[in-house]
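The next block holds one structure in the form of structure tokens; read it before the comments.
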Amino acid sequence: MTPSPAWTRKDLIAIEDLSREELDIIFATAESFKSTLGRSVKKLPSLRGVTVVNLFMEPSTRTRLAFEIAATRLSADVISVMGDASSLVKGETLRDTALNIQALSADMIIMRHSAAGAAKYLSEITDMPVINAGDGAHAHPTQALLDAYTLREKFGPDLTGKHVTILGDILFSRVARSNIWCLKKLGAHVTLAGPSTLVPREFENLGVRVCHDLKQALADADAVMLLRIQHERQTSTHFPSLGEYTSMFGLNKRRAAWLKPNAIIMHPGPINRGVELDSDLADSSRSVILDQVTNGIAVRMAVLYLCASTKSLSTAQ
Ligand code: CP
């Protein structure tokens, strides 16, 4: 494979930075990589000799593992550093941590951090490509890319006019923000639904519909994307109790009947079963939740490969 000459970024920080052409390059590259994942020998030599550091200052299962697997499939050497096992807990600054990682001859950093803007800051102080694996409530670009990739698999490559409803804790969600940017750039219609305290009208300024009536929000959806309540980012109570949230906005069998027959159910994970989504729906034939997880590998292979190519780290194979 040869990286597209139209890709000139060393970093992936946020979807809002990307043009439609760049999104299409990522999807096309991910498609090529996905076709290699079923082979008996899954490894490609593209990032041979490249050292990738996975720096995660917040918990993660899917994102960290998918990046590790993606980098390994591309033959990179991967080292994972958890925030609570690094010298950050001894008072070292993020800047010093990054400069030390660079001094240790790492070539790329993938970072998750609780502060919005942390990945951008890192990209400005190091020469290494920086991939944002989630920064506070700001952005989770590879999640939005794998979500869009999954929607394209289910509905075809043109998402123009498709309706996606994002339901849950929008206010504190980096996944929602990145998905809004991504889906709008791809021509889809986005509806945000949930309690008014978690889905304020201000989001309409991003060109989306805000709907606090669940039946209405689900009626025209081709896909409904559930989000969990993000207690770790909430500083005050936004609804009386989890039980009340579930009784008003949890997706259960009765409410799923309000969806169109072919509508699919998505969730970035982790799922709080029985809270935002009933277990039988999460495991039903309508659910593409595990497809999303699998697609995270090919999408992250594409992002690593493209950003590495800008710094001439990757070999064109
Ligand atoms: N979707 C997502 O970011 O999951 P993790 O927190 O497990 O990485």
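From the backbone N, Cα and C atoms, a Cβ is placed for every residue, glycine too.
With ARG62, THR63, HIS140, GLN143, GLY269, PRO270 listed by TrEMBL as binding carbamoyl phosphate, the candidate from ARG20, ARG39, ARG95, ARG112 annotated for that site turns out to be ARG112. The Cα atom of HIS140 (carbamoyl phosphate binding site) lies nearest to that of ARG174, taking the binding-site residues LYS90, ARG174, ARG228 as the candidates.
Candidate binding-site residues: ARG62, THR63, ARG112, GLN143, ARG174, GLY269. Those with a Cβ under 6 Å from ligand 1, in sequence order, are ARG62, THR63, GLN143, GLY269.
Across the domain 'Aspartate/ornithine carbamoyltransferase Asp/Orn-binding' (161-306), DSSP helix (H, G, I), strand (E, B) and coil residues number 61 helix, 24 strand, 61 coil. Confidence annotation: the domain 'Aspartate/ornithine carbamoyltransferase carbamoyl-P binding' (10-153) carries a mean pLDDT of 95 in the model. For GLN143 (carbamoyl phosphate binding site), the nearest of the binding-site residues LYS90, ARG174, ARG228 in terms of C-alpha separation is ARG174.
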